[in-house]
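A.B. asks: Got these off Swiss-Prot a minute ago, pasting:
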| type | residues | note |
| --- | --- | --- |
| MOD_RES | S9 | phosphoserine |
| DOMAIN | 28-281 | domain 'Protein kinase' |
| BINDING | I34, G35, H36, G37, S38, F39, G40, A41, V42, K57 | ATP binding site |
| ACT_SITE | D151 | active site, proton acceptor |
| MOD_RES | S181 | phosphoserine |
| MOD_RES | S422 | phosphoserine |
| COILED | 493-528 | coiled coil |
| COILED | 581-608 | coiled coil |
| MOD_RES | S663 | phosphoserine |
| COILED | 688-720 | coiled coil |
| MOD_RES | S782 | phosphoserine |
| COILED | 805-934 | coiled coil |
| MOD_RES | S830 | phosphoserine |
| MOD_RES | S832 | phosphoserine |
Amino acid sequence: MPAGGRAGSLKDPDVAELFFKDDPEKLFSDLREIGHGSFGAVYFARDVRNSEVVAIKKMSYSGKQSNEKWQDIIKEVRFLQKLRHPNTIQYRGCYLREHTAWLVMEYCLGSASDLLEVHKKPLQEVEIAAVTHGALQGLAYLHSHNMIHRDVKAGNILLSEPGLVKLGDFGSASIMAPANSFVGTPYWMAPEVILAMDEGQYDGKVDVWSLGITCIELAERKPPLFNMNAMSALYHIAQNESPALQSGHWSEYFRNFVDSCLQKIPQDRPTSEVLLKHRFVLRERPPTVIMDLIQRTKDAVRELDNLQYRKMKKILFQEAPNGPGAEAPEEEELTPCSQEAEPYTHRAGTLTSLESSHSVPSMSISASSQSSSVNSLADASDNEEEEEEEEEEEEEEEEEGPESREMAMMQEGEHTVTSHSSIIHRLPGSDNLYDDPYQPEMTPGPLQPPAAPPTSTSSSARRRAYCRNRDHFATIRTASLVSRQIQEHEQDSALREQLSGYKRMRRQHQKQLLALESRLRGEREEHSGRLQRELEAQRAGFGTEAEKLARRHQAIGEKEARAAQAEERKFQQHILGQQKKELAALLEAQKRTYKLRKEQLKEELQENPSTPKREKAEWLLRQKEQLQQCQAEEEAGLLRRQRQYFELQCRQYKRKMLLARHSLDQDLLREDLNKKQTQKDLECALLLRQHEATRELELRQLQAVQRTRAELTRLQHQTELGNQLEYNKRREQELRQKHAAQVRQQPKSLKVRAGQLPMGLPATGALGPLSTGTPSEEQPCSSGQEAILDQRMLGEEEEAVPERRILGKEGTTLEPEEQRILGEEMGTFSSSPQKHRSLANEEDWDISEEMKEIRVPSLASQERNIIGQEEAAAWSLWEKEGGNLVDVEFKLGWVQGPVLTPVPEEEEEEEEEGGAPIGTHRDPGDGCPSPDIPPEPPPSHLRQYPTSQLPGLLSHGLLAGLSFAVGSSSGLLPLLLLLLLPLLAAQGGGGLQAALLALEVGLVGLGASYLFLCTALHLPPGLFLLLAQGTALLAVLSLSWRRGLMGVPLGLGAAWLLAWPSLALPLAAMAAGGKWVRQQGPQMRRGISRLWLRILLRLSPMVFRALQGCGAVGDRGLFALYPKTNKNGFRSRLPVPWPRQGNPRTTQHPLAQLTRVWAVCKGWNWRLARASHRLASCLPPWAVHILASWGLLKGERPSRIPRLLPRSQRRLGLSASRQLPPGTVAGRRSQTRRTLPPWR
């Protein structure tokens, strides 16, 4: 599908092949409007090529959102081209003409919602099963090809002439599954479609949910939550439980089928293939169920159209004499042909109908637009009542004849005839548009033509034309239904635009989120690519460095190997040279030895001359051979030893060289490893930096997504709130119009008698009728007060609640004088009782009857958060589904009258306490001074102090200076006391005499104490001086504190601290630290206690119980760490930080320390008790009994501290506690009590 290009452009060959090039106005004739919806209109037409009856859906793609409309048309055409199934609508083609797409499909008689509209009652279960079976077969075909319909409802389940059930209106369908678009009709939407933008995608199971809602619609004539605003219904569907059948007469198979379709979790919901095997759709039923239903509906449509035609004929015949140039017609009996033609006269367009101005206004939405028309009652008696109401409305509207005639006049030009049910475009020159070659002609009967405008043809000719072709336009839609859809389409354009705008806004939000996510994904990919390139560059550099290092190491190894070989050759040559020298020396020595031995042998032979010469020669030869043999052996031994030595030295040298090479290799490997470690560290640091950068980027992106989602949610909530307010205004206006119409329909006798009300009868007060009977009595409603009642019922309950609180008891009324006083206090003046008396005081109709059809919806929880808690509390009054709204108002005392302003709660509390509110005037009776009585003069005995402050400043300065001097020299303390006493006495009012008396008393006391202590008690003078200084210090401090002379103790302290600087600085530091500890102490103490408890909880259970027995763990600490363990019920008492009441210094009281010591002792006592309990468990029973009788053993009370049991035991205990004991039955309270949700 092309994303760009203007609407209607066929430059793309894939788009151009979807549409035919022919002119549709030349191919199709006899166009008649048979339905209307948000997309446009649906027309009945005939193909001039083969006289085939078709349905044409005209969709305009001009105006606003033209590109979106064009894309929707392309998507629907592509979807229809792929359908090849008997239970889906057959596609004939699509044509373009003047920015309008003509989508040609096969013609069907009507939809399942038309059956409900015609019969005014639900379908039978066997009929619902047949319709559901056909729809399921179509859905199974779609789902097998990964298609989703997404708009399954009774208005889109069509019935054909052969009795086949077909799925239609594929404008919301999706070719690909899964999908995530917000598409469909609100009341039939599945929860996952509503939450698709937030929670993900959905598949074909959404059609199964819509089919379940459609079953409820066919069984109850309307879907659940239909009396609620569409926006509120979306929230209820997503949040509340699944709906179910209300009536109890349906079979268990049907209930199980609906419950299976309406499973809230999509995974638990069966597919269409599985539902085709359900017992509800497979059980036996007559094969002609659909045909019988269609035939019965046709008969009902014929009867309704006959009735409507008789009403129209009566109006035309009554108005005919008043027309210009019209003659009074004479009524005559209708022939059978004309009677059969009556129901189809409106659809054929042969009469200028006034039906458009006489239709009953409906609150429902058109079946082919957004929902089925279900604004009717459920039985045949209600149908008769509605027909009577229609007759009364038509009689009332007879007075508006001229305006109605102007609306029904035929338009000139193309001879377009405007009727209640169709708009027929007749081309000039075509006399008969209804000839059917496949239908026999009927002989027309005589019929008196009604009065018609001059531009129209004769009525008898049109009737004859219709009689010849009455069967070629078979339908199960009444003329009033088609007309009502046309009127609702014109009137409810704002509602459709609102809902389409809401869907468009949701789609735009989804596109915006997808665009944002794609942009952020691109940023992440770019960031990841940049980091990857950086990492690869670093790794490439590391590889280059490693290669250089490897080449260097290789060169070093080769150089060392060559050097080692050269050294080895030198070493071998050196050893070989030495061995050669040794061998040459040996050979020289052997030669010398040989010569010497030869001479010795010769000398020995010469000494023995008797030996023959031959023997001498032989003996000498043997001796020489022996000598040579010994020399050869000695040479061979030397060579062997040299070879061994050579090999040994070579092995040793090679070993030494191998060790050196190994050491070198180790050094090189260590260098290589160090280099690789450095590179890995740098790479790890780079990866950490990249990870941190990636984390920051993802965090920023998540924040951007969350901000966008929050903004889009805020806009969505604002839009929904605005739509709800508009819905309230629209319903209020409709209710006012309905009330006005009902008041106009009242008999004139009642209106006349309303003005003749006796004077003795009571009238309506400001807050309700003064003569209040029982709440169930019918209270008349005047036309002048309709706005007040409607406004009270439709949106201003929050003002009635304070009114009821003011009145006290519900339903009480006020006297006229009280009403006048309240009106003056609140700023509103109630009118006189005569003004509240209306013409409808004796009307005999009940408001509760009209309120049964109009229910004001209750808001969802999200909308309550938007509107506020006060408005949400007021809206809760509308959630009474089965009650009567007006009866509730009468019971609560909410009747017509001016709305009182609520009294603030603060003023009520003040009045209850008996005190006057702030701002009220006081009189002399309350203790206030009167302006007539002069104020009393001040008493004369009081001394008038001089205005000069110089003496006081001098005395304070003198005392401060003396105090500073006393701090450095403690011997001046008595002098300071002696000066302080007369100064304070002089300031007290005694003057100089009092000062002298105080000085004398001080000196006498000092002298007397000295005489008594030093003379009588023989106290040392030094000790007396120290005692006098201490007494004087205490006296000075007490007197200065009593008189407020803060300079004295401050001077003493400053001088003392300056005299001892080594002590002053630590004291200042301790003071600062104490202040910080005092501020941060509770928080630190809580943190340390929590840390201590966490450390204890990580220990084994045995150790924890031991510490718990020692008093190391208390209830308070555990409850502070685990607040929910101290709950008493289903709610947790979470600790809330609150300032402690009382003196914070009480925590350091000695009693607190004693309490802690007592807790530790108690813990050790508990430990001893446990040990004694274990010891007692080992004793025999008689010994335990004796110890218990002596008082040494006592029973043990269970502790409130939770035990740390294993998880398996806790689960077993929880499951065992939830199970009831065998043989017990749960009480009524436990059965009826609703399970509370877990505390969050």
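Glycine too: its Cβ is placed from the backbone N, Cα and C atoms.
Given the structure is predicted, the values throughout are model-derived calculations rather than measurements.
So where do these features actually land, and what's packed around them?
C.D. replies: In the three-state DSSP scheme, S9 (phosphoserine) falls into the coil class. Its own atom aside, the Cβ of S9 (phosphoserine) has 13 Cβ atoms within 10 angstroms in the protein chains shown.
I34 (ATP binding site) falls within a strand segment according to DSSP. Note on I34 (ATP binding site): other Cβ atoms within 10 Å of its Cβ, all shown chains, come to 26.
Here D151 (active site, proton acceptor) comes close to D169, G171, S172, A173, V183, G184, T185, W188, S210: these same-chain residues lie at least six apart in sequence, with C-beta atoms under 8 angstroms from its C-beta.
Under the DSSP three-state reduction, S181 (phosphoserine) is assigned to coil, being neither helix nor strand. Residues within less than 8 Å, Cβ to Cβ, of S181 (phosphoserine) and separated from it by at least 6 positions along the same chain comprise S174, A196, R507, Q510.
In the three-state DSSP assignment, the secondary structure recorded for S663 (phosphoserine) is helix.
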A.B. asks: If I take the Cα of S663 (phosphoserine) as reference, which of the recorded positions S9, I34, H36, V42 has the closest Cα?
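C.D. replies: Nearest by Cα distance to S663 (phosphoserine): S9.
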A.B. asks: In angstrom units, rounded to an integer, how far apart are the Cα atoms of V42 (ATP binding site) and S9 (phosphoserine)?
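C.D. replies: About 24 Å separate the Cα atoms of these two residues.
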A.B. asks: Within the same chain, where does the coiled coil (581-608) have neighbours whose Cβ lies under 8 angstroms from its own Cβ atoms, ignoring anything closer than 6 residues to its ends? I mean 6 or more beyond.
C.D. replies: 616, 619-620, 623-624, 627-628, 631, 634-635, 638-639, 642
A.B. asks: What residues, ordered by sequence, lie under 8 A Cβ-to-Cβ from G40 (ATP binding site) and sit at least six positions away in the same chain?
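C.D. replies: Long-range Cβ contacts: K57, K58, M59, S60, T100.
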A.B. asks: Could you tell me which three-state DSSP class D151 (active site, proton acceptor) falls into?
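C.D. replies: Where D151 (active site, proton acceptor) sits, the three-state DSSP reduction gives coil.
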A.B. asks: Can you tell me how many other Cβ atoms are located within 10 Å of the Cβ belonging to S663 (phosphoserine)?
C.D. replies: 10
A.B. asks: If you measure I34 (ATP binding site) to S9 (phosphoserine) at Cα, how many Å is it?
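C.D. replies: Distance between the two Cα atoms comes out at 30 Å.
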A.B. asks: How far is it from H36 (ATP binding site) to S9 (phosphoserine), counting Cα to Cα, in Å?
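C.D. replies: So the alpha carbons of H36 (ATP binding site) and S9 (phosphoserine) sit roughly 26 Å from each other.
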A.B. asks: Around H36 (ATP binding site), how many other CB atoms lie within 10 A of its CB?
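C.D. replies: Within a 10 Å radius of the Cβ of H36 (ATP binding site) lie 22 other Cβ atoms.
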